[in-house]
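Trainee: Before anything else, here's the structure in question.
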Amino acid sequence: MTILTTLIKEDNHFQDLNQVFGQANTLVTGLSPSAKVTMIAEKYAQSNQQLLLITNNLYQADKLETDLLQFIDAEELYKYPVQDIMTEEFSTQSPQLMSERIRTLTALAQGKKGLFIVPLNGLKKWLTPVEMWQNHQMTLRVGEDIDVDQFLNKLVNMGYKRESVVSHIGEFSLRGGIIDIFPLIGEPIRIELFDTEIDSIRDFDVETQRSKDNVEEVDITTASDYIITEEVISHLKEELKTAYENTRPKIDKSVRNDLKETYESFKLFESTYFDHQILRRLVAFMYETPSTIIEYFQKDAIIAVDEFNRIKETEESLTVEPDSFISNIIESGNGFIGQSFIKYDDFETLIEGYPVTYFSLFATTMPIKLNHIIKFSCKPVQQFYGQYDIMRSEFQRYVNQNYHIVVLVETETKVERMQAMLSEMHIPSITKLHRSMSSGQAVIIEGSLSEGFELPDMGLVVITERELFKSKQKKQRKRTKAISNAEKIKSYQDLNVGDYIVHVHHGVGRYLGVETLEVGQTHRDYIKLQYKGTDQLFVPVDQMDQVQKYVASEDKTPKLNKLGGSEWKKTKAKVQQSVEDIAEELIDLYKEREMAEGYQYGEDTAEQTTFELDFPYELTPDQAKSIDEIKDDMQKSRPMDRLLCGDVGYGKTEVAVRAAFKAVMEGKQVAFLVPTTILAQQHYETLIERMQDFPVEIQLMSRFRTPKEIKQTKEGLKTGFVDIVVGTHKLLSKDIQYKDLGLLIVDEEQRFGVRHKERIKTLKHNVDVLTLTATPIPRTLHMSMLGVRDLSVIETPPENRFPVQTYVLEQNMSFIKEALERELSRDGQVFYLYNKVQSIYEKREQLQMLMPDANIAVAHGQMTERDLEETMLSFINNEYDILVTTTIIETGVDVPNANTLIIEDADRFGLSQLYQLRGRVGRSSRIGYAYFLHPANKVLTETAEDRLQAIKEFTELGSGFKIAMRDLNIRGAGNLLGKQQHGFIDTVGFDLYSQMLEEAVNEKRGIKEPESEVPEVEVDLNLDAYLPTEYIANEQAKIEIYKKLRKTETFDQIIDIKDELIDRFNDYPVEVARLLDIVEIKVHALHSGITLIKDKGKIIDIHLSVKATENIDGEVLFKATQPLGRTMKVGVQNNAMTITLTKQNQWLDSLKFLVKCIEESMRISDEA
């Protein structure tokens, strides 16, 4: 974008602005938003000061940020994102916005140069005093000394929470001399101490817990945007006591007990960890002299104000709404007089003393004495929307008037295509600027602004894809590392105390933890399991592969089995019979598919390439891979049967559209089958829009079509006139005949009834089939389905998708009003989820009173199908602002303009349901908001509380996401295998079911389990060999290490585990060293045919297999073991070699030496 800024800065009009920009009370009028951004960016580039840009709300700040990213390096652009909803302090929220706020405050506190965008709400927000913030920024360097206790206290003050293992943002842990920290900004870091000196600093991966790169120094930012120290708490307690005493006599007697409870709950501050999420609502009482963000700026900072009059309008509501919210919570006994989140000074007072430049599109009166007024003439650009003739004449006008024409397109490919198009129009154009740009020609560059603009006095016009082709600007993602790092998923198999488990031989029990037991004077670790009644089972950790976590549907609580009973055997037998039946069906399907002959498509045509280049967005890697897999299938003679699995809005439709186009280009017809009329309409419109420039006849068959139109479509399918038909189950009517059906696309097949599914089966015969689903299919299950259906998965979201900002808070009408107003003010729409049909119309009336100007509709499952569809269609077409609805919106509704979701009584929903509902919003380039409300003062059940806790972690990839994914995987398994199997999965748990199915399928196909080259080795030595709690306190980490040791088969793996232990837990004690020695002995034994190593008190007994006995080179062995002398004796038992080793000092070393010699004798024998 340097071309554009070069043209701007050389112009006299900009130079006039530049001279007075940054002087007190300057007004600049006439500039459109994108033109204004260009000027501000250039001013920033030419100055050495901090520049503060103030907007009226966060939505406007986001829009300006997107354009500014085209001119300013992301490292120098900062935003202070505060919701326009004052009550956000009362909610649990996603960490993304907080990490941006912390990044901004930290840069300001360090005096960094930058352009800072702050909405009015952020300008007024009470903050930690500047000096306190500066004192809590830490830079650690290798070789420095630290006071560990002081350092850990500081982390707590900064909002970090102490855990045994760090797995989430904002956590830290101490294990021996190792401190792990996961800051909100940057990589997780591991600090290793030598006494009090920092010996090393390393990045580490939270998923593997392994160190990555060494660094010399690291900045540790706070994990909260408030610093809370012991002194702050002490001051807070005094202020809170006064506020409580002032409030109590002034409220109704009936709520005084509630107020007392609120006061008492706030008094229970733990000194080890201050809950910043709760304390933030008491910010007005926390600091003697709180700051606002303006005090964080340098004294010579420049201020630019975007649309002063809009800011003053917003300021009015910012004063009224918090007042009414605070009044509400005080009246209900949930708040105190004096509680506030913002400074109530007016806007002008807040920015007093700084040079301010005001930007306004129109010249309006302002209550400010202005020193300079700069007027620009700026026009919007003609909207061409792909109309070639209009585009040519307008470009010709610019050339004739000697304009500098800047054309912005979003990819390199489009730069080339645009140049070719202008060349056809005989418009001179270039794509690179060598020295200076001549007027009367176009320069085409890669870039993007929210809109184009024309500055006639400068002779400059900027044209974007929005004007050229009606494309929306792609949201630029300014990423700090915090987001990319957010919550890596660990397996849902993590075992926690109290979890249900399945033991292969004993059935369903409950995991009670790892216990160290002394058996025969030897300490070992055992997994403790609880069964029915008082039955308990201790499983040695080396047999832990027999224990799996019980995974089933979210709402399924299993029944504990009785130890030693026949109940579990009967259950397994019943499931076994069922999986064998399914295996039989799968084998038949597999054979049928292998035999079938279908149409074999050729390579992509030139039209296909042109069509694909017309897609206005970059494909994600997963989309590209899925398209390649589908085309490969189509180019084979065997009919395709592929399942395309991807979250809602991840671009499955575009993949399907390309497959459809390929089929049509070879003269084949395509049927696109969808479960609802609304979806049919949406897919139909997408296809029409994507294929408008190509000779493809597309028709729709649904209730939105007249009988006459349906009849014509049927005729067109029969004669071959119609290429693509989109429709609901009407497509499955027996009276529909295709001339040459080549591809059937089925969206969400599981939503069709049994009769329709049978009809789909008959249609599938010898035709390529692509099935789309948003319900994830477990890979393990797919593997056991042996390719009856191929699977493609889209797991990465499109580039311009942002994590939905998620809030969990108590129900409150003034908050709901704010949330609704904020979404409607950005011309968006709202889903309001209320799951009680009997009172849903009363809820609508209640919301209508709150929002008298809003158009509110109702949708629920008891409406007639036609009424429901008409309502939904009206909502999609933007005829309603708010849709009060039940969970019927959970699947299959695409409303990109609806970006706020409010759910009442969220504690009553399952996590997977909440996950899918949340997927309704945030599906355009705007940030989506989801508000999960639960009733105030309601005593929640333990399950609901756990669920809300999980939802609180329900950010980009939190543990709530894992649980939702688990439940959805099981739902996906049920969809694939049928309802009855869903029940069997719940009986024995998902993992054991998958294992049994895979075994049954392999048996039917005659595939035997590959027999191990060597038998299982039993090593039984009377040694204390385990992981002591003093060394690894976290049980999950302990189990994880035991699992790795159990699977170890090579010496490289042993070295890797040793490195990991030292990396994560520091030097290991003697018990761990012995455990590693035993694993090393076992690896030697595995490679040399040893079947048993048993400690018999004074001797060690070693048994070899018959095969190993035949292969060993005895001469080599005896030579190698001479140092052992008479302590070693060799014998033969049942044609197999036995060796006894007499125990002496250092006998463990002797044993290691002996098994190594046996292995080498075996190797030499093999080589000979």
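Including glycine, each Cβ sits where the backbone N, Cα and C put it.
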Trainee: Can you say which of 91-94, 475-478, 747-750 is given as motif 'DEEQ box' in Swiss-Prot?
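Mentor: Swiss-Prot lists motif 'DEEQ box' for residues 747-750.
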Trainee: Note down the number of other Cβ atoms within 10 Å of the Cβ of K652 (ATP binding site), including every protein chain shown.
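Mentor: I get 23 for this one.
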Trainee: I want the residues beyond G646, D647, V648, G649, Y650, G651, K652, T653 whose C-beta is within 8 angstroms of the mean position of the ATP site's C-beta atoms, in chain order.
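Mentor: For the ATP site, the extra neighbours are A774, I794.
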Trainee: Pop the mean pLDDT for the domain 'Helicase ATP-binding' (633-794) in here, whole number is fine.
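Mentor: Taking every residue in the domain 'Helicase ATP-binding' (633-794) and averaging pLDDT yields 85.
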Trainee: Go through V648, Y650, our binding-site residues, and report the one whose Cβ sees the most other Cβ atoms within 10 Å.
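Mentor: Neighbour-count leader: Y650.
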Trainee: Please work out the number of neighbouring Cβ atoms within 10 Å of the Cβ of T653 (ATP binding site), leaving out its own Cβ.
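Mentor: T653 (ATP binding site) is surrounded by 21 other Cβ atoms within 10 Å.
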Trainee: For G646 (ATP binding site), just count the other CB atoms lying within 10 A of its CB, please.
Mentor: 24
Trainee: Count the Cβ atoms, other than its own, that fall within 10 Å of the Cβ of D647 (ATP binding site), considering every protein chain shown.
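Mentor: Its Cβ shell of radius 10 Å holds 20 other Cβ atoms.
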